[in-house]
Amino acid sequence: MTFSIMRFNPETDKKPYMQDFELDVSAIQGKMLLNALEALREKHPDIGLRRSCAEGVCGSDGMNINGKNALACVTQLKDLPDRVVVRPLPGFPIIRDLIVDMEQFYAQYKKVKPYLLNDQEAPQKERLQSPEERAKLDGLYECILCACCSSSCPSYWWNPDKFIGPAGLLWSYRFIADSRDSKEKERLDAMKDPYSVFRCRTIMDCATVCPKNLNPAKAIRKIRTEMLQETESGE
């Protein structure tokens, strides 16, 4: 197989360029794209990429594979053509090769306060939920912050410092929907500006690329609905 990888070293290169590598994938251990990239790195150790668990859990090896954002560790080689084009996640500054600067992404994640807020007196044990209340979190808590969704979103490309983005808004709704959280109104009020939520144009790329098959656009729609209901009720 041929792997065309975007290369960029800011210390030596004026701009990114593509470099082709040939690899006999039948001779490597593993059946995933990440295994092939690791095999290439053994021969070319200057290729820069992020990886950690290699099990689709940590979200660290997100990249653009033949034009679609995905995790290299769960992308099977048998599903790819003989020529594979690999680029870094779009919309982020490139640190080196396939490694991008995700500082802005995490700043938007931090903005939504991704943790339980509850000003009620803490119980002696855990805060209980009914099975029905717990079920409302399905499709929300599974996000691994790989940034495949946000980096596929044109609205996020245009306003990365103002639009929270699909991943951040998915996490926001995960706590808005949590019965153990008592700050729903404060969370909604913090996003009632023209950009935080309402820059979503329902392009749906976020749901298309999510490796966990989550739907950030659905969560964004629910946030908007709750905002409108709150406005109509005069709260």
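Note: Cβ is positioned from N, Cα and C throughout, glycine not excepted.
Swiss-Prot has this to say about the protein:
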BINDING   Cys53, Cys58, Cys73  [2Fe-2S] cluster binding site
DOMAIN    133-163  domain '4Fe-4S ferredoxin-type'
BINDING   Cys143, Cys146, Cys149, Cys210  [4Fe-4S] cluster binding site
BINDING   Cys153, Cys200, Cys206  [3Fe-4S] cluster binding site
BINDING   Trp158  ubiquinone binding site
Quiz item: Which residues does Cys146 ([4Fe-4S] cluster binding site) neighbour through Cβ under 8 Å, counting only same-chain ones at least six apart?
Solution: Gly59, Ser60, Asp61, Gly62, Leu71, Pro211
Practice problem: Let me know the DSSP-derived helix, strand or coil state of Cys146 ([4Fe-4S] cluster binding site), please. | Solution: coil
Quiz item: How many Å separate the Cα atoms of Trp158 (ubiquinone binding site) and Cys143 ([4Fe-4S] cluster binding site)?
Solution: 23
Quiz item: With every protein chain in view, how many other Cβ atoms are within 10 Å of the Cβ of Cys53 ([2Fe-2S] cluster binding site)?
Solution: 12
Self-check item: Among Cys143, Cys149, Cys153, Cys206, Cys210, which are recorded as binding-site residues, the nearest neighbour of Cys73 ([2Fe-2S] cluster binding site) by Cα
Solution: Cys210
Quiz item: So how many other Cβ atoms are close to Cys143 ([4Fe-4S] cluster binding site), meaning within 10 Å of its Cβ?
Solution: 22
